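Colleague: Just dropping this structure here.
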Amino acid sequence: MNKLRSSAITQGVQRSPNRSMLRAVGFNDEDFNKPIIGVANGYSTITPCNIGLNKLALKAEESIRRSGGMPQKFGTITVSDGISMGTEGMKYSLVSREVIADSIETACNAQSMDAVLAIGGCDKNMPGAMIAIARMNIPSIFIYGGTIKPGKLHGEDLTVVSAFEAVGQLTSGKINEKRLIEVEKNCIPGAGSCGGMFTANTMSAVIEVLGLSLPHSSTMAAEDLEKELSAEKSAEILVSAIKKNIRPLDLMTKKAFENAISVIMAVGGSTNAVLHILAIANTAGIDINIDDFERIRQKVPVICDLKPSGKFVTVDLHNAGGIPQVMKILLNAGLIHGECKNIEGKTITEYLQNIPDKPPSNQNVIRGIDYPLYKKGHLAILKGNLAKEGSVAKISGVKNPVLTGPAKIFESEEDCLKAILNNEIIAGDVVVVRNEGPVGGPGMREMLSPTSAIVGQGLGEKVALITDGRFSGGSYGLVVGHIAPEAAVGGNIALIKEGDLITVDAVKQLIEVDLSDEELEKRKNNWVKPKPKYKRGILSKYSKIVSTSSLGAVTDL
């Protein structure tokens, strides 16, 4: 084992005061030669995603001690997207990714920790931890809190998205208030992150593919015993990684990120994966850009039938073989790089050796490569005069991903949702929600409430919604987000007027407004930059330093 980084605070006469502090929290003489391992715990009672993390932290802490390390627990924050959704509070969600990254980096580096074991559940916990891990490049592993089991109502599987869609169904007369309350009471049965292939489960899969969490761990249910056993094993593996000097940047290669993108396409993952993978890769110094997603999408099919647009939830994927089964299918098809390694030092080819070549015949969650749900990936990168830097369209479940229609323009998510619930949106409309980007929001809110209301009203196949904001992993339909440049910095989305014809064409990877360059230039000359919405606090700071979404909306370029 190499010289421990923590020797800076534990060794030598001059560090006697430092050691006295450590003795006060339980260190003995022999402990000063052990690796100090940070346990970054995102436990919170504010969300079911994180309410079960403490038991995992305790299991990991015990395992670290048994394996010869010294665990040092500290907390980091979380934001509950499900609670914040549709409110001003959602502006803090993406910001929390940076707060989580900064807090983990700060705690670990300030105390010269030798390694970190990060534990998280809700959406931004995963990319926040990965950004910190890439910055520090000390031996690291991530423990996902686990997915929630599906809610049940009259034999139907429910997720949190069922509740959002029920709002639209109620306002369009498809259900009554009694049914709405039944869905509300039954869609979230306990601890765990939202149950479909939404953002949390998508990003936990990304971490597993990158090799920084254990195989199969990203799809385990939060309340199952195997999740606790996995936490213990993760801690043991981390101590081994310290001895082997396996570091995150050894694993976070360009090929590893390409593997992650391939798997996200195959499972039908969240649009947020684009934003977060770009941010993590940027921190790791890896040249991954938005065009890489389109390149990989063209060759990787969607082979998993998962919610929000599909039939099954993440526990079903786990029971069908999980992410390793998906990876084995892609590996055999030459669609991922088998030489990439994981935290145990094993190559993908090695640790998938005992995974069957084909998915089990008694399930319908994972398909073979020769009979996919969709022949190409579902996350299309669209460009055009409305998104010169690019945008992200989620086209799974959309029969005809092409629409030209008049713009219905809204300057905020709230105004858009109000119009939808008042039945002001009709088939053929292109709904535009702008000034919701990283700078303009600020914070790039997710448009789950509007998209769910559109789907709930039966317009999911007939209306497009485009925005410089984001979408929840639970959104589906013809939706285009991450439009860059955003409205607040003078992107062309700021120049659209009510009724302008907009074309969204995911087949041709095109998003444009039917206006000449001359007309756009004329409007740009008359455009007035909006005043900042916040003058103090974290949203004010964030809006001044955040990058464009096409670079991952990072704050440390």
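Any Cβ shown, glycine's included, is placed from N, Cα and C.
Below are the features listed in Swiss-Prot for this protein:
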{"type": "ACT_SITE", "residues": "Ser472", "note": "active site, proton acceptor"}
{"type": "BINDING", "residues": "Cys49, Cys122, Cys194", "note": "[2Fe-2S] cluster binding site"}
{"type": "BINDING", "residues": "Asp81, Asp123, Lys124, Glu446", "note": "Mg(2+) binding site"}
{"type": "MOD_RES", "residues": "Lys124", "note": "N6-carboxylysine"}
Colleague: Which number gives the other C-beta atoms within 10 angstroms of the C-beta of Lys124 (Mg(2+) binding site), all protein chains shown included?
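Modeller: Within a 10 Å radius of the Cβ of Lys124 (Mg(2+) binding site) lie 28 other Cβ atoms.
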Colleague: Which residues, in sequence order, are found in the same chain with Cβ within 8 Å of the centroid defined by the Cβ atoms of Asp81, Asp123, Lys124, Glu446 at the Mg(2+) site, excluding those residues themselves?
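Modeller: The answer, listed by sequence position, is Val79, Ser93, Leu94, Cys122, Thr199, Ala200, Asn272, Ser472.
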Colleague: Identify, in sequence order, the residues in the chain of Cys194 ([2Fe-2S] cluster binding site) that are 6 or more apart from it along the sequence and have a CB within less than 8 Å of its CB; answer 'none' if there are none.
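Modeller: Expected: Cys49, Gly82, Thr147, Ile148, Thr159, Val160, Val161, Ala200, Asn201, Gly473, Gly474.
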Colleague: Ser472 (active site, proton acceptor): which of the binding-site residues Asp81, Cys122, Lys124, Glu446 have a C-alpha within 10 angstroms of it?
Modeller: Asp81, Glu446
Colleague: Could you say whether, by DSSP, Glu446 (Mg(2+) binding site) belongs to a helix, a strand or a coil region?
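Modeller: Where Glu446 (Mg(2+) binding site) sits, the three-state DSSP reduction gives strand.
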